[in-house]
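Reading through the structure tokens given below for one structure.
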Amino acid sequence: MTGSNEFKLNQPPEDGISSVKFSPNTSQFLLVSSWDTSVRLYDVPANSMRLKYQHTGAVLDCAFYDPTHAWSGGLDHQLKMHDLNTDQENLVGTHDAPIRCVEYCPEVNVMVTGSWDQTVKLWDPRTPCNAGTFSQPEKVYTLSVSGDRLIVGTAGRRVLVWDLRNMGYVQQRRESSLKYQTRCIRAFPNKQGYVLSSIEGRVAVEYLDPSPEVQKKKYAFKCHRLKENNIEQIYPVNAISFHNIHNTFATGGSDGFVNIWDPFNKKRLCQFHRYPTSIASLAFSNDGTTLAIASSYMYEMDDTEHPEDGIFIRQVTDAETKPKST
């Protein structure tokens, strides 16, 4: 099943995997949140679980603040900070509904959370304490940090662009260019735009600069669709992760496939083998050498028998991730 460039992590979560995130400066450590109410820290090269801590409900997202501190939130409405060296935890604060997204913004040194309570909250990680609550038009489904910009995707196909240095007003209000519900948004490492995916096998490449000549460059494409018995099956695109160096990106869908795309030449660079079940989350390491792939059933067909959830660690090459020079 797995080749020499890929292996499966031992001691995976016991229920669905919600998020995988690499440590900011090394591909050695991977943080994993799960519906089994745990957050796990893995030593990837050693293929061992270093540490595990619990919430009182499913954990929907997690993020590193720095190499020794993990933040996480989920269905128990609680935002936790966990010291990965001392195994001490701190309840930082709460939302009024489940916390869907947890991200760190290094340029402004704030943690950002997005919730189904229709707010985004900023947190000062040094104290740690709440540094502001900002209303969103609908439930927050996904968010991504781009320099000092924050891109928020909500229910109702809305996209909001905020300036994390001045949250007094929304910089841009947009509507998704895709017809169906937004599943994931990730910002380009070059800070020029973002990629948005929907539940209907489509991805949009968008640019932040509102000028007409830049907006002309935006486009969308179909993906994660399979012909079965001459019928096209269309799958949600659940996960996006950017390669920090090349500005190419990987997508993962409920079809069990991972694709890597070159947004500049509008080409697919590669497709990996089919994984046992839906791709729930993806993360490139900071140096772009490693991709963590969460293969985890997302209950698209309700509670049927399904393959066990797993995290695959894949070494990726420049041939798979670098734009082809024209």
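In case you wondered, yes, glycine gets a Cβ from its N, Cα and C as well.
Keep in mind the model is a prediction, meaning the values are calculated, not measured.
According to Swiss-Prot, the protein carries these features:
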type: MOD_RES; residues: Lys179; note: N6-acetyllysine
type: MOD_RES; residues: Ser211; note: phosphoserine
type: REPEAT; residues: 86-124; note: repeat 'WD 3'
type: REPEAT; residues: 128-163; note: repeat 'WD 4'
type: REPEAT; residues: 223-262; note: repeat 'WD 5'
Whole-number Å distance separating the Cα atoms of Ser211 (phosphoserine) and the residue listed as 'N6-acetyllysine' is 23
Near the repeat 'WD 3' (86-124) in space but 6 or more residues beyond its ends, with Cβ under 8 Å, are 24, 51, 53, 57, 60-65, 71-80, 130-145, 147-148, 150, 152, 154, 162, 164-165, 167
Taking all protein chains shown into account, the Cβ-based neighbour count within 10 Å for Ser211 (phosphoserine) is 8
Within 10 A of the CB of the residue listed as 'N6-acetyllysine', the number of other CB atoms across every chain shown is 10
Model confidence over the repeat 'WD 3' (86-124), as mean pLDDT, sits at 98
The repeat 'WD 3' (86-124) resolves under DSSP into 0 helix, 25 strand, 14 coil
The correct DSSP tally for the repeat 'WD 4' (128-163) reads 3 helix, 26 strand, 7 coil
